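Student: Please read through the structure below; I'll follow up with questions.
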Amino acid sequence: MYVSLRDRPGSEEGAGTGSTVKRVSSTVVLLGVVSLLTDISSEMVASVLPLYLTVAVGLSPVAYGFLDGMYQGVSAFLRIAGGYAGDRGGQPKWVAVVGYGASALSRLAMLPAAGFAAITAVVTVDRLGKGLRTAPRDALIAEASDPKMLGRAFGVHRTLDTIGAALGPLVAFALLASVPGSYDSIWVVSFAVATVGVAVLVLFVPNLRNKSATARIGLRRALREVSSTRLRRPLLAAAALGLLTVGDGFLYLSLQERDDLAALYFPLLYVGTNIAYLALAVPMGRLADRVGRARVLVAGHGALLACYLLAALPAGGIGLTLGVLMLLGVFYAATDGVLPALVSRLVPAEARGSGIAAAQTVVALTRFASSVIFGLLWAVQGPSKSLLLFAGLLLFAIPLVAWLLRGIDRTEEATA
Amino acid sequence: MTNLKPRLYTLGAVLIIAVLGATGYVWNVRQDQAESLANAPQVATAGDPAALRGQPHVVFRNTAAGESYGKVAVVPLADPDGPRAFTPASCERVYATADDAVCLSAERGLVTSYKARVLDSTWQPTQELSLTGIPSRTRLSRDGTLAATTTFVFGDSYANPGQFSTRTLVTRVDGEEIGDLEKFKLVVDGKTITASDKNMWGVTFADDDKFYVTAASGGKTWLAEGSLSKRTVTTIRTDVECPSLSPDGTRIAFKKHGDLPAGQWRLAVYDLRTGKETVLDPTNNLDDQAEWLDNETVIYGLPRDSSSDVWQVPADGSGSPQVFIPDAWSPAVVR
C-alpha cells in the first residue's frame with residue numbers, strides 16, 4: 001500500500017495520555033477556530049448583502065440574483081488549483097493562507113467599492129479565496145488526524161465552522177442596530193475578525209508536509225492519482241448524487257411558497273438547518289468512523305430523499321417545515337465532512353489535496369448543474385412535481401451508489 | 001513549530017489591534033451619526049396633517065435626516081417644497097387618497113418583519129393587511145377601497161442564480177383578500193402561460209375592476225391589463241415595469257429597461273391611445289413607481305446619498321427634470 005501508514009500527531013497525543021477516548025488533534029481544532037472566525041466574517045457580509053445591494057446601492061433583486069450566480073465555475077476551478085498547489089509545493093498551509101487572506105482583504109475593498117461592477121469584483125475575490133483554501137485545509141485536517149478518526153476530526157472542524165456561520169448574521173444585526181445604515185462598519189469589523197483568523201492560521205497551524213513524500217508530485221502524477229481506479233468509483237458516486245442534490249435555496253423557496261410562516265421567517269430557515277448540522281456533525285463523523293464512511297454518505301442521501309418528499313407535500317405547517325430543515329441538517333452532517341474523510345484515505349498522502357479537491361469540485365459542479373436543471377424544471381412545472389421527480393431519481397440512485405461504493409470502507413481499513 | 005511565546009504575543013498584538021481598530025471605527029461612526037443628527041438642518045415644519053387634507057396636497061415619506069426620518073409628511077400642492085406637516089405614521093412606502101392611506105412599514109430586529117396597514121384620514125391605523133417580504137410598491141384605487149402591495153421574497157444563497165420572487169396582493173381596505181396576482185390567469189399573445197416562474201409587480205388601478213401591472217415570465221417583462229372580477233392578466237406590450245396610470249386614464253408612466261446594463265431603468269411614458277412611447281428623463285436611473293402630479297407632469301423619487309428627492313418632469317418629454325420636493329420618497333398626490 002502506498003498510502004502512508006505512519007502515526008498521526010493526533011494518535012500520538014491520545015496514546016500519550018493513555019486515554020481511551022482519543023482526542024482530536026490540536027491542529028484540527030485550530031483550523032476549526034480559523035474557519036469559525038472566517039465564517040463569522042463572511043456570513044456577516046453575506047447576510048447584509050441583499051439589503052445593502054437593494055437598499056443602499058439601489059440594485060434590483062434581478063441584478064442581485066445575477067451577482068449571486070456568477071462565480072460558480074471559477075470557484076470550482078480554483079478549488080482544484082488550490083488542492084494541487086498545496087500538494088505540489090508541499091505547502092498546503094501557505095496556499096490556505098493565501099485563500100483566507102484574499103477573503104479577508106476583500107472586506108476592506110468593500111469600503112471604496114460602489115456600483116454593480118465593483119461589488120461583483122469584490123464578492124468574486126472573496127469566493128475565489130474560499131475556492132482556493134478549502135482543499136489544502138482539508139488536506140491539513142487529514143494529515144493531522146488519526147486515520148481511524150478522520151470522520152470525527154472533520155466533524156469537529158465542520159461544527160466550529162458552522163458555529164461561525166451562525167454567529168455572523170447575529171453580529172451583523174447587532175452592529176446595524178447600534179450604527180444604523182453604516183454598512184462600512186460591517187466591512188471593517190468583518191475584516192478585523194477575518195484578520196484574527198488568518199493570524200491564528202499563520203502563527204499556530206503547523207505546515208504539515210508529507211514526510212513520506214520525498215518527491216513532490218507533478219501535474220501528471222496528480223492527474224493520474226485523481227483518475228486512478230481507487231478514486232473513480234467515489235468520484236462517479238459523488239457526481240451522481242451531486243446531480244440530484246437540489247440547492248437549499250430552492251428547498252427554502254418551496255417551503256415559503258406553501259407556507260406563509262416559512263415565508264415570514266425565510267431568513268431564519270438556514271439557521272434551522274445550521275443548528276441541526278452543527279449538532280450532528282461530530283456524531284455523524286464518529287458514526288462514519290465506526291460503521292464506514294461510504295455507508296454514512298449513502299445514508300445521508302436517504303435523509304435528503306425524505307427531505308424532498310416532505311418539501312413536496314402540498315400543505316405546510318410548522319412541524320413539516322422543521323422536519324425539512326432537520327433532515328437537511330442530517331444530510332449535510334452525513335456528507336460534507338464525511339466525503340473528504342473518505343477520499344483522503346483513498347489517495348497517497350502526497351496527492352491528498354488534489355484528491356479532496358477533485359471530489360469537492362465534482363460535488364460543486366454537479367450541484368451547480370443540478371441547480372440550473374432544477375431551476376428550469378421549477379419554472380415549467382413548479383416545485384412539488386420537480387421535487388418528486390428528483391426524489392424518484394434519488395431513490396434509484398442511492399442503491400446504485402451503494403453498489404458503486406461497495407467494499408470502499410474495507411479498502412480504507414486495510415490501508416489504515 | 002517551536003517557541004510558543006513569541007507567537008502568542010504576536011497573536012495578542014493582532015487581537016488588540018483588531019479589537020481596538022474595529023471598535024474605534026464603529027465608535028467613530030456612532031459619534032459622527034449622533035453629530036450629524038444633532039446638526040441636521042431642521043426641515044421646516046408647519047401645519048396640521050389632518051387639516052391639510054381639506055386642500056390638494058402631496059403625501060410622502062420624509063427622508064430628511066433627524067428624528068422625523070421615515071415619517072409620513074404632508075405638504076400643500078401649492079407649496080410643495082415649503083414647510084411640511086408630519087403625521088404619526090412611519091412607513092417605508094406610503095400611498096394615499098383623500099379618505100385613507102396604505103402604509104408598508106418595517107419593524108427592524110433580528111428578523112425584520114414588515115406590515116401593511118390601512119390608515120384613516122386622521123392617520124390612525126384601521127386595518128392590518130397581510131404582507132410577506134420586503135416592501136416594494138403600494139397603490140390604492142382612486143376611491144380608496146382597493147389596496148395593492150408588492151413585496152420581494154428573496155431567493156437565498158449563492159447556488160441559485162437569478163432566483164427571486166415577488167408577491168403582489170390585492171386586498172379590499174376592509175381586509176377582504178381579493179387575491180395573489182400570480183394565481184391569476186396570465187395571457188401572453190393570446191396564450192395562457194402555465195409556467196410557474198410568473199412574477200407580477202407594481203399595480204396601478206384604473207377603476208374598481210381594471211388595473212395595470214408588470215408581468216414577468218422567462219426573463220421577459222410586459223405591461224399587462226388585468227381584471228379583478230375575471231381574475232385574468234393580459235399582456236399589452238413588452239419592457240414595461242411599475243406602470244402608473246395618468247389621472248385621465250390615457251397614458252402610462254413606467255420604468256423602461258431597454259438595452260441598459262442590469263439593474264438600470266429610465267422613466268418613460270406610453271400613450272395607450274396612440275401606442276407612442278416617450279422617454280422623459282434619459283439620464284437618471286429610475287427604480288420607483290412614478291406618480292402623476294396632474295395630466296401634464298410626472299413625479300418620481302431618486303436616491304441621493306443617504307436621502308432621496310422627489311423630482312418632476314413634463315409628461316410629453318418637452319422639459320428637463322427638476323426637484324419637486326427635497327428629502328422625500330414615495331409621493332402620492334391627493335386632490
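Just so you know, glycine gets a Cβ as well, placed from its N, Cα and C.
These came from TrEMBL, pasted as-is:
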{"type": "DOMAIN", "residues": "A:27-409", "note": "domain 'Major facilitator superfamily (MFS) profile'"}
{"type": "TRANSMEM", "residues": "A:49-67", "note": "transmembrane segment"}
{"type": "TRANSMEM", "residues": "A:104-125", "note": "transmembrane segment"}
{"type": "TRANSMEM", "residues": "A:159-179", "note": "transmembrane segment"}
{"type": "TRANSMEM", "residues": "A:185-206", "note": "transmembrane segment"}
{"type": "TRANSMEM", "residues": "A:234-255", "note": "transmembrane segment"}
{"type": "TRANSMEM", "residues": "A:261-282", "note": "transmembrane segment"}
{"type": "TRANSMEM", "residues": "A:294-313", "note": "transmembrane segment"}
{"type": "TRANSMEM", "residues": "A:319-343", "note": "transmembrane segment"}
{"type": "TRANSMEM", "residues": "A:355-380", "note": "transmembrane segment"}
{"type": "TRANSMEM", "residues": "A:386-405", "note": "transmembrane segment"}
Student: So which of A:159-179, A:185-206, A:234-255, A:319-343, A:355-380 has the most C-beta pairs under 8 Å when paired with the transmembrane segment (A:386-405)?
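Tutor: Stretch with the highest Cβ contact count: A:234-255.
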Student: Counting a contact as 3 or more Cβ pairs under 8 Å, with residues at least 6 apart in sequence, do the transmembrane segment (A:104-125) and the transmembrane segment (A:355-380) touch?
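Tutor: As far as Cβ distances go (cut-off 8 Å, pairs 6 or more apart), the transmembrane segment (A:104-125) and the transmembrane segment (A:355-380) do not touch.
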Student: Determine the mean pLDDT over the domain 'Major facilitator superfamily (MFS) profile' (A:27-409), rounding to the nearest whole number.
Tutor: 85
